[in-house]
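S.K.: Grabbed the feature section from TrEMBL, which reads as follows:
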- 1-420: domain 'Major facilitator superfamily (MFS) profile' (DOMAIN)
- 52-70: transmembrane segment (TRANSMEM)
- 77-94: transmembrane segment (TRANSMEM)
- 100-122: transmembrane segment (TRANSMEM)
- 156-177: transmembrane segment (TRANSMEM)
- 238-257: transmembrane segment (TRANSMEM)
- 269-287: transmembrane segment (TRANSMEM)
- 299-320: transmembrane segment (TRANSMEM)
- 332-353: transmembrane segment (TRANSMEM)
- 360-376: transmembrane segment (TRANSMEM)
- 396-416: transmembrane segment (TRANSMEM)
Amino acid sequence: ATCALASGTVMSWNIVGGSLPKRNITFPSTVNTVNTNITIESYFVYSWLLRLNHIGASVGIMSAVFIAQIIGRKHSISILCFLFLLSWILKLVGDMDNLITAMILGGICIGSASAVVPMYLCELAVDKFRGSTGSLYFAMFTLGRLITEATTKASYIWYTSIPLFFPPLFFITVFLAPESPPYLIYKEKTTEAKISLLRLRDGDVSAEFIGMAEEIQPSIKRFAIKDIVVKTSTRKGVLFSFTTMMFLALCGASQIQSLISDFYGFHNYYILNLINLSIQIVFSVAAGRLSDIIGRKKLLIFSALTMSSSLIVFGIYYRLGNRIKYWILPKVFIFVFIIGYSSGFGPLSWIIVMELIPINVKYVGCILTISSYWLVELLFHDVFVDNMEECVGKDVFMWIVAGICVLAATFVFFLLPETIKLNIKERRESLHKKKAATTE
């Protein structure tokens with residue numbers, strides 16, 4: 001999970017620092033690295049530098065998941081430590097060319113971590129606590145963002161140096177952790193798998209190990225792409241995972257920071273953004289634990305409907321706000337939206353992907369789902385968001401996103417299977433059913 005923290009520090013690093021929203025930074029802007037000065041001439045250049053994170057993330061997953069299938073989850077995460085470290089060093093001492101390289105490399109690390117870390121956490125977790133364990137990815141990622149946002153007023157060198165401490169920290173934690181037992185079984189290293197499982201569990205692990213082996217071993221020799229096409233449970237698992245990640249990308253969460261600046265103004269942005277991230281951390285941890293008690297589906301439906309109702313209020317504000325001088329509703333509902341997002345789709349979507357995609361198709365499945373997530377989020381909420389708002393208006397845009405959230409709730413209610421406390425075999429069987437499994 002410390003890898004997710006390092007990933008979050010990279011995602012929130014905005015080059016020039018300061019306490020204003022990105023759109024309100026004055027250009028040209030100059031930052032002083034250790035060896036030289038870097039001048040960013042315009043917002044256009046600045047915005048595309050930041051977008052390199054998303055571009056790198058959507059590309060990086062392709063190699064990361066493949067490597068994780070070859071050398072293991074643990075060793076793949078260890079490699080990310082050195083790549084994170086290199087990206088920060090390039091940002092600290094380099095020129096513009098090095099900065100571009102560092103942004104792409106940082107994006108590759110973000111994308112790689114977003115696939116491999118949830119995969120590793122969910123495979124390590126005991127079935128009854130998989131939600132709690134899997135939600136640590138989102139919580140730690142957000143904590144990393146919080147740390148970077150909190151230090152944004154520091155000088156460039158300090159702002160960039162502080163995150164350097166996290167990659168070595170996560171290397172130590174990963175070095176001490178065991179490899180994923182399901183992965184070791186998939187690689188036919190059954191003795192090592194049992195030893196790893198014994199390190200992770202208290203008491204007798206024979207029954208769990210036998211059940212895990214019986215489910216994974218038949219898939220060892222099967223071709224991944226063929227399974228997606230011909231096997232119902234695999235096809236549904238990938239399709240449902242893809243749909244869940246698309247709803248996550250389109251739910252409007254990427255607009256939170258701009259909404260805060262719209263509703264509260266620039267002077268309060270710094271402290272309110274820290275409060276926003278703190279709320280996300282607390283509620284994502286609580287949601288992970290609660291999902292192991294009441295199930296994923298109820299929280300996802302609550303999340304989607306809460307975000308939808310908030311977005312409807314935002315749309316009304318943008319339609320009528322100028323006519324109402326003091327309107328408190330959007331200021332309240334921005335935090336309702338944050339709570340809804342971090343109580344469901346924010347932390348749980350990553351868990352759903354890792355629960356529904358079988359181990360022998362993790363490579364193809366994660367490329368399709370998570371890579372598409374980063375790409376769609378970039379296009380929908382960054383590159384084309386201004387064009388869409390100009391075309392239909394901010395109010396209609398908010399209502400469109402609200403409609404997407406309603407569709408997300410409908411999808412979860414009617415189609416998505418419940419995975420609470422289900423082992424690998426039970427999750428596969430739930431995908432064979434015509435109707436989504438309900439919470440026990």
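Cβ coordinates are placed from backbone N, Cα and C, and glycine is handled just like the others.
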S.K.: What stretch of 77-94, 100-122, 238-257, 396-416 shows the most Cβ pairs under 8 Å to the transmembrane segment (332-353)?
M.R.: 238-257
S.K.: Counting CB pairs under 8 Å, which listed stretch among 52-70, 100-122, 238-257, 269-287, 396-416 touches the transmembrane segment (299-320) the most?
M.R.: 396-416
S.K.: Please tell me whether the transmembrane segment (238-257) and the transmembrane segment (77-94) touch - that is, whether there are at least 3 C-beta pairs under 8 Å between them, with each pair 6 or more apart in sequence.
M.R.: no
